[in-house]
Amino acid sequence: MHIIKRNGEPQPYMREKIIVAISAAFRSVQNPLAPEVPAIITDLAAEVERQLFEMNRAGVPVHVEKIQDFVEKTLTKYNHSDEVKSFILYRDDRTKKRIAREQIACCFTDSSVLGVLKEIQQDFPFPEYSLDALASKFLLFKKEVTDERRSMQLLIKAAVELTAQEAPQWELIAARLLMLDFSLALGTSLEKLNIHSFYEKITYLEEAGLYGVYIRTHYSRAEIEEAATYLECSRDKLFTYSSLDMILRRYVIRTRAHVPLETPQEMFLGIALHLAMNETQDRMQWVKRFYTVLSKLQVTVATPTLSNARKPFHQLSSCFVDTVPDSLDGIYRSIDNFSQVSKFGGGMGLYFGKVRAVGAPIRGFQGAAGGILRWIKLANDTAVAVDQLGVRQGSVAVYLDVWHKDIPEFLQLRTNNGDDRMKAHDVFPAVCYPDLFWKTVRDNLGASWYLMCPHEILTVKGYALEDFYAEEWEKRYWDCVKDARISKRTIPIKELVRLVLKSVVETGTPFAFYRDHANRANPNGHRGIIYCSNLCTEIAQNMSAINLVSVKITEVDGQKVVVQTTRPGDFVVCNLASLVLSNIDLSDDKELREVVRVAVRALDNVIDLTYYPVPYAQVTNAYYRAIGLGVSGYHHVLAQQGIDWESDEHLAFADRIFERINRAAIEASMTIAREKGAYGCFTGSDWCTGAYFRKRGYVSEDWQRLQREVATHGMRNGYLLAVAPTSSTSIIAGTTAGVDPIMKQYFLEEKKGMLMPRVAPSLSQKTCPLYKSAHAVEQRWSIRAAGLRQRHIDQAQSVNLYITTDFTLKQVLDLYVYAWEVGMKSLYYVRSQSLEIDLCGYCAS
């Protein structure tokens, strides 16, 4: 027997559907069902079925509405009055939903529209997500529009504009509609190109120069076709409108005519194929694991990895840090390095602390040096000029020590007044502070501070002051102060603090780097020193300048060539990814450890697979094998777990979860070392000697066991954890950025000609009180939490401070001192409510 659907199509009769409908009527009255009810339901279904078969034998077509009439009459006949009322209401509700669906679907010829609308009604059954509201707004927008593509865009716009604090899930509904629109357009494009499989798509993209040839070189057709079976299109439902919109606009592969040819899930799979490419054992299993954590939004990779993995130019690393030497060729080499890094989408940190100050001698000529500002302006102009094919200008943070003679002028680089010839508005200044500075500020604000030229110290004393830290640095600093041969620029420390705070309030910068904290905790202090951090202040790794060894003229193939030989120094590279805490079951230690294990493995593979814009980066990366695993969704997970930001419970959570993440990351790196070998300078490191564990007070039996295993097997990665800001990728994951509190629970952003609502993730009556905005949060709670996290993070964190217009300069200063007291290694922006700040996309892992 066949049943006639409402659209006139026949479908096979299924008794189970009748049982489901009757069961729903009974459950609406009594839930759970009484023991005797299932038998009653079976008998009622049999009675309905008997009437249907009689009708069918008589040659009368059986329509779906007739079945519902029979159910209603049968319930009435056997005196199930409450159930009848429920069933009538159910039918009425279904009718209303069907009418709302059809009001929208009739505007489109593709039948998949109706299917998506049905799915939306099933997944969002609450009244505030009724399709009646969507239909009303859509039809109001549509009016005389007949073009189906334009109509679909208006339907999406209607869903987006229905998003509100009281109905935040309209953003998920809008994403479903956006995915439908994208899929329909993509299907048409693929049909024209005669592409019917993932393998055919990769082949076409490769031949078009849009996909790396290395994928098909490393994988057989059978392996790529197996990988295609891993695709889980249902995971597209995890996207919000904002996240899907960003992926489709920025990250899926498009033709040179800007036609998209890749789905979000294929993007994740392509990245997984790239990152697993060099695996020699269980390679396809690693492809699946990488794809799983990416597609389930449990891990986000850095923006360059998301953009460039699987493509011909596969620069996968986020940020680079260079030590600028005190020589003409060295300075220009650093500027050239920055231009190459920027060309391929990386951000840069430049340490200028070795460059001589204004008035220093050059080749014995007194007063000849022009100081660091003219070189910083060169970096500024390079950032503007090398703009990544017009996509965005380069970004560079410039670091200087607080005792450098040029620091007062440096602190005015971006302020609004003063000589514009001394400004560099397109760089991000940052200051490196020793402990002595903050001790003096805290204990004796009336004291003097002595500024000196690093070149002069090197000439007179025979050592570079910046090459020391903590007590040894302090001893040598006072030795230099007392040495009459070294000229000093004396400034009241109060005046220097005033210049810092004035710039911070006006521009949000300079960033702060607490160099003594960073170097005390450096697990590779036996091989060098950390002068500064990177563009987003989360990286803390050994640094040293590139040095020219020789220049020789020789002959190759009968022609004269000039050969330069350089020592590569320690040119820092940041390979970043983030755990999305809100998308991981943190109560399940096995799940957390598995996700961390997969993320660490993927990051370790990035080191061998990335394209290096400069060779010095490749040497350093291969030697230290440094990675930076961080987190996003921090405020989101606090809200999910019912934890107030301003509470001791938050502090306990921060300490506990980061210890677990750290242990899992160390275990993962140690496991890879056992398989592939330890990083180049493991021997003698804090990892090797056990000092890493002792410094952090890791004394439990589990930690002692892990310490012994690390000593035996080594560590694959010299640096492990670093918390990036994740400003872009947190949007993709539908969560909060980094470890910062949210800016607002809800706000409107104008984009593409419409108002885009931005809603705090998982916003509900329960989470609403827990989403206190960043500027309303007592900042000391944020700093205390950061201090507790820092114990478990071998590198640093991108932590912003948020101030209101009510803050005094003294209150801002107190926050800086407090951050130093709790052991933080860096501070990123100070974000005032009256200040617009450009967010960095480079470390958006």
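One is the number of the first residue shown, and numbering goes on along the chain from there.
Quick reminder: no glycine exception, Cβ is built from N, Cα and C everywhere.
Going by Swiss-Prot, these are the annotated features:
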- N534: active site, proton acceptor (ACT_SITE)
- C536: active site, cysteine radical intermediate (ACT_SITE)
- E538: active site, proton acceptor (ACT_SITE)
- C319: site 'Important for hydrogen atom transfer' (SITE)
- D326: site 'Allosteric effector binding' (SITE)
- R356: site 'Allosteric effector binding' (SITE)
- C574: site 'Important for hydrogen atom transfer' (SITE)
- C840: site 'Interacts with thioredoxin/glutaredoxin' (SITE)
- C843: site 'Interacts with thioredoxin/glutaredoxin' (SITE)
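For the residue listed as 'active site, cysteine radical intermediate', the nearest of the recorded sites C319, D326, R356, C574 in terms of C-alpha separation is C319.
Measuring Cα to Cα from C319 (site 'Important for hydrogen atom transfer'), the recorded positions that fall within 10 Å are N534, C574, out of D326, R356, N534, C574. For R356 (site 'Allosteric effector binding'), the number of other Cβ atoms no farther than 10 Å from its own Cβ, over all displayed protein chains, is 24. Minimal Cβ crowding within 10 Å, among the recorded positions D326, E538, is found at D326. Figure note: comparing Cβ neighbours within 10 Å for the recorded positions C319, C536, C574, the maximum is reached by C536.
Cα to Cα, D326 (site 'Allosteric effector binding') and R356 (site 'Allosteric effector binding') are separated by 6 Å. Counting every protein chain shown, the Cβ of N534 (active site, proton acceptor) has 36 other Cβ atoms within 10 Å. For the pair R356 (site 'Allosteric effector binding') and N534 (active site, proton acceptor), the C-alpha distance works out to 22 angstrom. Each residue contributes its Cα atom, and for C574 (site 'Important for hydrogen atom transfer') and N534 (active site, proton acceptor) those atoms are 9 Å apart. In the three-state DSSP scheme, C574 (site 'Important for hydrogen atom transfer') is classed as strand.
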